[in-house]
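So that you can see what the record holds, here are the features copied from TrEMBL:
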ACT_SITE  B:Glu431  active site, proton acceptor
BINDING   B:Thr149, B:Gly188  FAD binding site
DOMAIN    B:23-143  domain 'Acyl-coenzyme A oxidase N-terminal'
DOMAIN    B:285-446  domain 'Acyl-CoA oxidase C-alpha1'
DOMAIN    B:480-656  domain 'Acyl-CoA oxidase C-terminal'
2 protein chains.
Amino acid sequence: MNQSIKPGDNPDLTEERLSGTFDTNSMAAVIYGSDKLAQRRREISEAVSRIPELQDSKPCPFMTREEKILEGSRKSAILNRLLPGLIDLDSFEETVFIHQEVIGIEGHPLALHESLFIPPIATQGTDEQQKKWLGRAQRREIIGCYAQTELGHGSNLRALETTATFDISSQEFILNSPTITSLKWWPGALGKSANWSIVIANLIVHDKNHGPHPFMVQLRDEKSHEPLPGITVGDIGPKMAFNGADNGFLGFENYRIPRENMLMRHSKVTPDGGYIRPPHAKIGYSGMVRVRSRMAAEQGLFLAHALTIAVRYSAIRRQGYLEDRSREVKVLDYQTQQHRLFPSIARAYAFIFCGFETIRLYDQLLIDVQNGNTSGMADLHALTSGLKSVVTHQTGEGIEQARMACGGHGYSMASYISEIYGVAIGGCTYEGENMVMLLQLARYLVKSIEMIQNGKSKNLGPMVAYLAANESEIDLNLGPNEYLKVFQYAARSQAWRATEKFQKLRNSGMSKEQAWNQASVELTRASRLHTRLYIMSTFINHVGSVVDQKIKKVLIDLLNVHITYEVMDIGIYVQGLLSSDQMDLIRNQLYVSLETIRPNAVSLVDSFQISDMQLRSVLGRRDGNVYENLFKWAKSCPLNDKDVLESVTKYLKPMMDKSKL
Amino acid sequence: MNQSIKPGDNPDLTEERLSGTFDTNSMAAVIYGSDKLAQRRREISEAVSRIPELQDSKPCPFMTREEKILEGSRKSAILNRLLPGLIDLDSFEETVFIHQEVIGIEGHPLALHESLFIPPIATQGTDEQQKKWLGRAQRREIIGCYAQTELGHGSNLRALETTATFDISSQEFILNSPTITSLKWWPGALGKSANWSIVIANLIVHDKNHGPHPFMVQLRDEKSHEPLPGITVGDIGPKMAFNGADNGFLGFENYRIPRENMLMRHSKVTPDGGYIRPPHAKIGYSGMVRVRSRMAAEQGLFLAHALTIAVRYSAIRRQGYLEDRSREVKVLDYQTQQHRLFPSIARAYAFIFCGFETIRLYDQLLIDVQNGNTSGMADLHALTSGLKSVVTHQTGEGIEQARMACGGHGYSMASYISEIYGVAIGGCTYEGENMVMLLQLARYLVKSIEMIQNGKSKNLGPMVAYLAANESEIDLNLGPNEYLKVFQYAARSQAWRATEKFQKLRNSGMSKEQAWNQASVELTRASRLHTRLYIMSTFINHVGSVVDQKIKKVLIDLLNVHITYEVMDIGIYVQGLLSSDQMDLIRNQLYVSLETIRPNAVSLVDSFQISDMQLRSVLGRRDGNVYENLFKWAKSCPLNDKDVLESVTKYLKPMMDKSKL
């Protein structure tokens, strides 16, 4: 049933796997959406494991930044050669998967090339521009990045300072960074690797600023790789994580590019300096929505990484005693440990289910937009804004709890969990800072409530229809959908509370902006509850659709952990609805559900099927043989190359010797 | 009033400082307990800033581990020479402060020498042993560490495996590490720097195991610094943070030490193999309690570091608009930003106040114990266990929120907040894992309730007397003490709920251990509430004792942020007590108090008086001139030493060239 058992494994882990009640390959098929996709992941892991040149030359935590970038470049170059034989090149999933398997999660010099450099050329370049650059980019004759954010400017696009001024006489744009805050800052691969970039700059024609537009800009000489004259470029320095990526800065001083380098599929500048504006103002949105729509599944998988490590390790780590004083117990048997980990397992499943659902919604939206129907854009934009925010936050919490659940060794880079945390938590900030995102969703919620107030409830989309519903009696014995009603109550009452606060402040004569600001904490709370409701609802629906009964059984157990934990967690919002007896019932139900899931805990994380190579964690090894490998890992760390360090010979030894005089 | 204003500062910061209503030096005196202590900190910072050889040779985030250890050793050696001229050597506060100022927070090779190596010699060594080693250690003729934790064994001391077997014929102890899990693991400075160690090993005499005892063990040759035969020693590899410290592993193979190397003040082994047990079993506790009693203030200061950075940067970072569309607003004007930061400022103050109070309680305890009165030990042990747990957890949350409040640049190591987080969050695990700590406090709470049940309420200590109190009407208009009553209600009802759950399970026939385990999540909740009540109560008392009226005014404002935020945060526990109108009142009061504190926000963090050197943050600079210095910092990072990296010449360039063919 559990497909991860092998001879030589730590018997404590084998015992856990034997207690599982379902087939882990079948569960993987449910997690990844199909048996085929799950199997492809296994096949790719297996194929990669047999290619020596794709293995890590040493553990990532032992590498300097320069070594990480070198390693990422080495593997990228090899993958560029081997990829056609290893994956389906048209599959985005497989492409992402193999890079994570081979290079890991700390970033690499080509990470943005596929996801942020090629798409703008493909969607915003004219046919001619695509002909000129798309093939070169796809074949990797050039390496590109995407330069938008500036040193002093993040979310507020309107405030970008970089200028591209049209010089009609030479038919060129002149790029300039007029201030220090206008330096492009943060773009991945910009620092050292890319030689081309999409640059977002304010288009200025005849002294008129038409706002930010995309330009195709060569940064470095294709022969020498030296920065071209007029270009200042470099790496922005070490970060909390992602240190295998060379995020960079970029400044322009009267740097000229031909008129044809503005991406002109939507907006255009004619040779005589005429400006043609794009058909839809919000056409640029879809790129952001695409990236955000992928974040829930991606973050869910980061959480899955951390939980795989923590749950496996908790099954082999023994500490303290219960009844039997002769042998210490597995820490996974402690209720506090289960309470730390199992609700997170449920969330990881929920996020992944919800993530793939959101990707489906995005793909549908793309088809709709191509057919001229952009009506779903606002809905999906609001949804993905909230989802990105809630999922990144809860993922971060869950990963840190997983790390701490590993005790002291969780703190060692051998656990690798702190690196996973560093990478995942970046998601709270990139692609739209979480507070800003929650407030974007809040606008949508407030608008929805205004529709209800204006008697137009019928026009509400399905995701917000509950805002107009009446309260109903809750009978918790009727199952998950009753818990959903509890969540609806919480989300609804908070959305109304926040909206009414905003409206009251408005009516008191306050400006819209100030009223919004003063209601904003309440508004963000409404957004979080709305999003958590959506996640729970998707989880319930997904479990309902599972056919395999053994799988369904354990997923229902996991769902019970989820709904009870989540309702307890938002308890303060349901005071008006549930009696204290009902709250007690839910609380007890949560503890029961933790015990129910216990025998399947290891199988549930095994089902994510993250290979040892991808996991990069000594603590999380499939075979559970942790301690001997921790020792091996430590002995091989760079500091142990010598018995006596320079710090001793140069400073400590002289200090001690002098003290002896 | 604000003493941090200088010419050339960023005008946005100066504006903030001019809006402050109190003198920051006076506030610093309140924070650090006296005008003298606050002034000493300023003087030491000032003196250090004038000594070129004590400055960082480059920013810490640019150093490898080996460089960090080298730098820490260099500075330690210099400090060993200069310290007498810089600080009062008898002041523990000044010693800690100057090390943090000069070397920083990432650890250094001598960090454990003073705090964990010397104290056991001084308290557990006989007079003769002290004579032999104490002077040598204090003069730093030798460098020591403290080796207790093992690869497979943390909190549960009874399970340690290292053995010290008395060989009567040679009058020696034979040290052995019988298994891989028995390797000593984690001790700071053990890996590379220390040549001596206190080693905790099971004392075995005549085949009888007397449990863990401390031994003085030489690890390395004092001339060559090479490990002695029979010793396996090395560094355990990189960690989430503290990478300036060489935490190590240590194994013994029939390693012999003289009988006289067992620290024998309390337990003794006589030459003929007789064993004399210590007078009190819990005598070893006081060391743990000492370290934990210091953690609240220490963690509060970590939080203060992060908030100094985030609040200052939020006052110069402008993004988005309120009414005025011509200029972006300071992000500190957003309610969401205030809600992220201000309750944490209040907590930082509360933790520091509470921390110094706890240190005073510990000092009192020491006097009592010396007078033969150990009755307060259990109380303080329980208190510090809970305090350590709650404070480290909330500090971690607060630091991460501070980092995220800085947007993208918070993620750069230039902010340094992620390093502060890594160091501070270690506190959740070291010195007793938080869950274990909360359950230790819970034992004390359950015992207290059992006393009440047995009609012995009168015997309750002052910290738990509220457990026996009756509920009373709450009139929130009467000020902070009413909020305290709310908290008492919450803590009391949860303590009773958890205790009754435990008792009910016991009465149903469950073993004590299982009943405890199944009640443990509820028990940890009781412990958290009890501790938070203590923190709030100490905060209220401390503010009440302040004389300076301007200082008192702003501290009351800060206290209002605290009490309203904390009560909202535990709202679910006070459902039975407060009406929803009362909850609304508190919520509104919180928002009002955020606005009230706004003009003093920068002055409140300036009052921590953390120098730029100690802060080590480009974002948090006193002068607010962030962007030009971010650029300077980035340009100096090691990756920018060359324009074209080896990763390009070796891999990326050949890949691109090949693609062109």
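Backbone N, Cα and C atoms are what each Cβ position is placed from, and that goes for glycine too.
DSSP classifies B:Thr149 (FAD binding site) as coil under the three-state reduction.
In sequence order, B:Gly107, B:Ala111, B:Leu112, B:Leu116, B:Cys145, B:Phe242, B:Ala245, B:Asp246, B:Asn247 make up the list of same-chain residues 6 or more apart from B:Gly188 (FAD binding site) whose Cβ falls under 8 Å from its Cβ. Take the CB of the residue listed as 'active site, proton acceptor' and look out to 10 A: across all protein chains shown you find 19 other CB atoms. Cβ neighbours of B:Thr149 (FAD binding site) (same chain, under 8 Å, six or more residues apart in sequence): B:Lys184, B:Trp185, B:Trp186, B:Pro187. Break the domain 'Acyl-coenzyme A oxidase N-terminal' (B:23-143) down by DSSP state and the numbers are 89 helix, 0 strand, 32 coil.
Per-residue pLDDT, averaged over the domain 'Acyl-coenzyme A oxidase N-terminal' (B:23-143), rounds to 95.
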